[in-house]
Amino acid sequence: MTALLTRVFLQPLVLLLLTLSATLTAYASPFGGGASSSQPLEVDEAFRLRVEAPDAGVTRLVWDVEPGYYLYQERISLELPEGVELVERRDASGDMKDDPLFGRVEVYHDIAEVALLLGHAPGFDDQVELSVSYQGCWEGGICYPPVTKVVSVSNLPAAAGLVWPDSAWSEESAASAEKTAEAAITPNEKAGSIGMSEQDRFAGLLAGGNWLLMLGAFFLAGLALSLTPCVLPMIPILSSIIAGQGTHISTARAFLLSLVYVLAVALTYTLAGVAAGLFGANLQAAFQNPWIIGSFSAVFVLLAFSMFGFYDLQLPSALQSRLSSASHRQQGGTLTGVAIMGLLSALIVGPCMAAPLAGALIYIGQSGDPVLGGAALFSLSIGMGVPLLLVGASAGKLLPRAGAWMEGVKAGFGVLLLLMATWMLDRILPTTITMLMVSVILLISAVYLGALDRLHDKARGWHRFWKGIGVILLVYGAALMVGVLSGSKSLLYPLQGVAGVGAASNQATPGLAFETVSREAELDRLLEQAREKGQPVMLDFYADWCISCIELDYVTFSDSGVQQSLAPFKLIKLDVTANDEEAKALYRRFSIIGPPALIFYDASGQVRPELTLIGVIDPEDFIAQTEHVQR
């Protein structure tokens, strides 16, 4: 079966991913082009560089900085060609800023100036080209990647005996420096005072150029994401793979399988993420197709019944003999199957969007640099895979060696695989159907655990423990069954339909009246209505297949403080479940790679991109964000 999947379906997929990684050269604007008061300018419009040469040997580099933008003083650097000597450099004074990326630094507003005393060595031309690098930010919450420009300088004097002319750093220059230091707060300073959105902090971290700091930060961010629904569904998959290896698997072998699985997941996340950052295409969203989800769920069901002992999944005898002889040389067949499962798990099982991932995609889109962005994504993915590696490191010792126990463990993993299949089908089937499926699985499992059997007086502790687990599954499974019959659509609160109005407080988003749209024309109509009423707006990018969207409903929107903070807002849910052209148009409009994402408009109808939230947000942070929108 593994060989068949590899040949028929997965080899073309792997080739596609490899092709994408080799040809990623497109460029994407951070907010879709089109500058306005609420969107960042192109970098050459925000920082206009010109060259002035008032005295022989002294070249002045001057940047005209647009209001609401600033340049980092320490990020201005030069690369001189052979034969050119920098005798002295003088930088205008800037103002000190508490920057969210680099701490307290010196920056330039309005105008930036660097004076260079340059000369040429004997035998070299007096006309040269200099490489000038610099980096700046928009106060609204975007930091641009470092920019390098080549400027021409002519009539350079000989470097020997060259001194600084008194007139080269004039009172006018000093005055302009003071003006920079005393620059008034711009209209966007208010937005900048709240700092960058979390995803832009990660994008700026990449732009900072410190590889060690960047990789460490993204690895830690991956660790933080490892206990979220992005990763947790992969644990039973990997555990089932290890359990399926038999009773005599060693710790080293279990860890090797886990490592291959994690590396496959990490590589897939990296390639898919780089493609999304450069091409604006969310490959994970593309794989949320009913046929793909249904097929992968069917594979889980087949694996589950194999775990139950109904049959053994085996290759034809001819292929078995060939693989058997090959296995004496290497165990690549099994490892290939694990890698394939890791690849599919990354694309299909856990489609998530979080701030670190979004930050890496923003950087890749702005800079067109897939190497640094890809390294960040890979580091993030390895951090997310740490729990999976721990599963592998422990499984060799935790899995029982005896036959009866091992059969029980395999049956348990079979149940987990059935629940995984049902959980995935929930993205394409009505919730009542999947609730019914979960109920049936739990009820049958409870029966097998002895929930309805009478315990003997001499029953051991383990028998009592498993009967207790069976009783819990029986009660919850029955509650789900009753909930389905009463019209409930919540796995967490299955009896809310039976409880009536009093259970309304348990719903995911009580009191939040979202208007759901999926087309730009519908969205524009609602935005215009809100603008006419002077009402702020929150847009919620949502999809049925988005795990974090559901988590956002239960973690954030169920909080009473959040509901109160959203009372003045017009709430619009952008349903991108179909992932069709309309959904992609909405992605492009707001420079969103995928859900969940929250976009805010203020009462004047201006979008506030610096306040965009990606992923699941803590209720306290969310409330603070809504307060900033209304200021």
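Placement of Cβ uses the backbone N, Cα and C atoms for every residue, glycine included.
Straight from TrEMBL, the features:
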SIGNAL    1-28  signal peptide
DISULFID  Cys137-Cys143  disulfide bond
TRANSMEM  211-242  transmembrane segment
DISULFID  Cys230-Cys352  disulfide bond
TRANSMEM  254-279  transmembrane segment
TRANSMEM  291-311  transmembrane segment
TRANSMEM  332-365  transmembrane segment
TRANSMEM  371-392  transmembrane segment
TRANSMEM  404-425  transmembrane segment
TRANSMEM  431-452  transmembrane segment
TRANSMEM  464-485  transmembrane segment
DOMAIN    503-631  domain 'Thioredoxin'
DISULFID  Cys546-Cys549  disulfide bond
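Structure coloured by features recorded in TrEMBL.
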{"residue": "Cys137", "record": "disulfide bond", "CB count, 10 Å": "26"}
{"residue": "Cys546", "record": "disulfide bond", "CB count, 10 Å": "24"}
{"residue": "Cys549", "record": "disulfide bond", "CB count, 10 Å": "24"}
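Residue counts for the domain 'Thioredoxin' (503-631) by DSSP state, with H, G and I taken as helix and E and B as strand, are 59 helix, 23 strand, 47 coil. Within the chain, the transmembrane segment (431-452) has long-range Cβ neighbours (under 8 A, six or more residues past its boundaries) at 411, 415, 418-419, 422-423, 425, 463, 466-467, 469-471, 473-474, 476-478, 480-481, 483-484, 487-489, 491, 494. The secondary structure of Cys137 (disulfide bond), as reduced to three states from DSSP, is extended strand.
Taking the C-alpha positions, the distance from Cys546 (disulfide bond) to Cys137 (disulfide bond) comes to 32 Å. When the Cα atoms are compared, Cys549 (disulfide bond) and Cys137 (disulfide bond) turn out to be 30 Å apart. Mean pLDDT for the domain 'Thioredoxin' (503-631) in the predicted structure: 83.
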